[in-house]
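A.B. asks: Below are the structure tokens for one structure; questions will follow.
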Amino acid sequence: MVQQIIPIFLALFILIDPLGVSMIYLSLTAEMPLAKRRKIALRAPLIAFIVLGLFIFLGQTIIGALGIMPGSLYVAGGILLFFVATDLLFAKPKRTKTSEQEEDSPGQDVAIFPLALPLLSGPGAITAILLYLSDNPHNLVFSLVLLGVVAVVLGLGVIFMLGSRFVRKVLRDTGVKVIERIMGILLAGMSVQFVYNGLVKLEILPL
């Protein structure tokens, strides 16, 4: 199981993208007082942790109820993750970014939307969680390990958001873009591997 942790951490780190989200957090909270910025930096990852935790412990029930075969989930998930990878590679704007009107709305809680949902706990991270669960059905120890990995990644999200001004100053826009492109290349390779594994599970391709 130890050998599984590193690729799982890498996949979730790329998909949750705490560094990229911290840059969006910086722009959304630029005019807010320090206390409110800190509160948002703590609340958003906590909400995302609850959402992803629900999928970790209820995901297998959902898969079983829908009658989805693990191989089919791998193929569909791999295709979805490939699109996420192309967004990172070609530096497309995040599809989940709010409009200016939403950002300026006084009643808008940016900790919930868009930071927690759908940025920190988006379809990519949820898909990856369901894929890993399909390979480890009804394994409580694995589910707890997966929850721990999610907690570590979101914990890094808290650190990046609290230090977002410093991170932006050190890396600048160019540094952030370079890192996201590297993560996009890694995710593209992982997504193709997911599709291949799914086709093997469906016995369409030989092992």
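Glycine is treated like the rest: Cβ placed from N, Cα and C.
Residues annotated as transmembrane segment in TrEMBL: 6-28, 40-66, 72-90, 111-134, 140-162, 182-199.
I'd like to know what surrounds each of these features in this structure.
C.D. replies: Long-range contacts of the transmembrane segment (6-28) within the same chain: residues 40-41, 44, 48, 81, 84, 88, 94, 97-98, 103, 110, 114-115, 119-122, 124-125, 128-129, 132, 146, 149-150, 152-154, 156-157, 159-161, 163-165, 167-168, 176, 179-180, 183-184, 186-187, 190, each at least 6 residues beyond the stretch ends and with a Cβ under 8 Å from a Cβ of the stretch.
Within the same chain, residues 16, 25, 29, 32, 73, 110-112, 115-117, 120-121, 125-126, 129-130, 133-134, 137-138, 143, 146-147, 150-151, 154-155, 157-158, 161-162 sit at least 6 positions outside the transmembrane segment (40-66) and bring their C-beta atoms closer than 8 Å to a C-beta of that stretch.
Below 8 angstroms of C-beta separation, residues 8, 11-12, 15-18, 21, 24-25, 28, 39-40, 43-48, 51-52, 55-56, 59-60, 62-63, 70, 73-74, 76-77, 80-81, 84, 94, 96-98, 102, 142-143, 146, 150, 154, 157, 194 of the same chain, each at least six residues beyond the ends of the transmembrane segment (111-134), sit close to that stretch.
Note on the transmembrane segment (140-162): residues 1, 4-5, 8-9, 12-13, 16, 18-19, 21-22, 25-26, 38, 40-42, 44-46, 48-49, 52-53, 56-57, 120, 125, 129, 132-133 of its chain, located 6 or more positions outside it, place their CB under 8 angstroms from a CB of the stretch.
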